[in-house]
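These features come from TrEMBL:
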TRANSMEM  B:18-35  transmembrane segment
DOMAIN    B:18-92  domain 'Glycine transporter'
TRANSMEM  B:42-59  transmembrane segment
TRANSMEM  B:65-91  transmembrane segment
DOMAIN    B:104-178  domain 'Glycine transporter'
TRANSMEM  B:128-151  transmembrane segment
TRANSMEM  B:163-181  transmembrane segment
TRANSMEM  B:187-208  transmembrane segment
Amino acid sequence: MQTDQVTSEIFPHNVQQTLDLIGIFVFALSGGLMAVRKNMDIFGICVLAEATALGGGVLRDLVIGALPVAAFTSFGYFPTPLVAGVVVFFLHPEVERITRTVMVLDAAGLGLFCVTGTIKAHTYGLGAVPSVACGMLTAAGGGVIRDLLAMEPPSLLRWDREIYAVPALVGSAVVAILIGMGRLTPLYASLAAVVAFAMRMLALKYGWRAPRAWHRNGSRTSEE
Amino acid sequence: MQTDQVTSEIFPHNVQQTLDLIGIFVFALSGGLMAVRKNMDIFGICVLAEATALGGGVLRDLVIGALPVAAFTSFGYFPTPLVAGVVVFFLHPEVERITRTVMVLDAAGLGLFCVTGTIKAHTYGLGAVPSVACGMLTAAGGGVIRDLLAMEPPSLLRWDREIYAVPALVGSAVVAILIGMGRLTPLYASLAAVVAFAMRMLALKYGWRAPRAWHRNGSRTSEE
Amino acid sequence: MQTDQVTSEIFPHNVQQTLDLIGIFVFALSGGLMAVRKNMDIFGICVLAEATALGGGVLRDLVIGALPVAAFTSFGYFPTPLVAGVVVFFLHPEVERITRTVMVLDAAGLGLFCVTGTIKAHTYGLGAVPSVACGMLTAAGGGVIRDLLAMEPPSLLRWDREIYAVPALVGSAVVAILIGMGRLTPLYASLAAVVAFAMRMLALKYGWRAPRAWHRNGSRTSEE
């Protein structure tokens, strides 16, 4: 298998598209719920749903030069978060009640998007390490934009949240290694996504967190 | 009229350019005033004036792939906010005193930029819905960047502010429909801008706000 | 010397690359230290190191259309901040202790990047004023992204911090003038970087600050 024939789709087109839209929908739900918590109106809910669901992919497409961005050209990408926004608007107590389910689906989206993001960056000519970075950006960038727009410290960067970047890193790295070995098949790509998904689920279940800097009792000088 | 002959200019070049620069100047004033309120120095004022005035168009140009961005290549786009920044630096009490006038001009800028943004996105090959999104991004994106840089909750997303996104949405949607019907003429484009402008003015006059999520007494669980 | 032969490298390739990586490393240290102060974990430290070190250049590359961005394609650009992040993770008290040295190196990075940023923008066809803006963006953009991700008011915009934008402005403007005169040689480019560096050092030594708006006792009306 020639690596330059790799596309950013790891499944048959229809399957890939359906999975993408499910992932986008779930990411959008988390954006919409944040907007409700922040007391935003219906338009704030939709803006945050869009930004959360599509932000990571938009950042990836911008830095790799895949313009116009897929968020605005792929079928269903843009309207889907609006549907999620309307769902949250009317049914947010119900959506809050199934937070557990939303988090499982969010972990699935994390797994899917870190894999497809890495592959897309590779197809645009990026090397292994930057492709991994793009995979992480795709999976985690939307959540950072969501938190910034809501004026919350980015949950990705907080030590007291279960690890999110690491599962994305692992999934992306597995894909990059497979590409490097010329062995990226749909099966292996799916397995990479499952690994990232499982790692995120385990992190949630067992409260895995990452270590903070050593010697935290160091002086707190004011920043330049 | 063939839609692929549509350009992002709806008026004769000189008129369009003058209108653009007026819109940019007024948006820059709102950025500069925010900087003064935040106690920033002359350079903070100019940075916020630039970011507010040009940020929306830069975001649009990035996502549609119109590079280098117009903010850096079109005549007068970059220097104009600097002039506004200097005006605010010396005359901010006077500018505050005419806030009412500034808001009218800001509403005019909103009308103009949602129309030109939608048209530009269309000329870069985007579909109707994403073009509408780009129109809104052009009109409202700069204000969001202004608020983020000033560490304010984005006023676009606050339920207790008069609607801003909706007039932009309506203006952009009218343009998209006109393009779809092959009937976008300078006259109709101007009317779309006037509709958005009028809607924003009415929202300000009558305090129109958008609804927040239903059942707001739902539990406030902690995020993700 | 023909200006269209100007490249964004002002020194022999190896020298330029080494200087770039040193500048990136030092910028990354300031991002990592901010992350430690904000109590972030090792991944937060690395993310903030990356964003601070590469953010300015990424913004410049996006707006001028130099895609994929150099941060992801130039040798060593992406891994260097990770090294800085790990250094901060293990040794942050020691790094804090040499804050003075870090600030000197940061000023050197400021000088280097405002010069190379201006030249790169010029080679991508931008005019003199936008090229200067790109030089400033390259030098100062990463720090703004660092502060936003850490939920701090951007130190670039605070009146009570020593001037940072002005030295970048001066260094960039000198380069733009040299380009305009067709006299940009490695020597002169280096001198421009030294001017920006020296100005920043003097600002730190003598506490140079920029003036705030006149008549600061004006009314504080609420923002639109």
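Residue positions begin at 1 at the first shown residue.
Backbone N, Cα and C define each Cβ position, glycine as well.
TrEMBL does not curate its annotations; it predicts them automatically.
Per DSSP, the domain 'Glycine transporter' (B:18-92) is made up of 61 helix, 1 strand, 13 coil. Confidence in the domain 'Glycine transporter' (B:104-178), given as mean pLDDT, stands at 92. The DSSP breakdown of the domain 'Glycine transporter' (B:104-178), given as helix, strand and coil counts, is 59 helix, 0 strand, 16 coil. If one looks beyond the transmembrane segment (B:128-151) by at least 6 residues along the same chain, the residues whose Cβ comes under 8 Å of a Cβ in the stretch are 27, 30-31, 34-35, 37-38, 47-48, 51-60, 63-64, 109-110, 113-122, 157, 164-165, 168-169, 171-173, 175-177, 179-180, 196.
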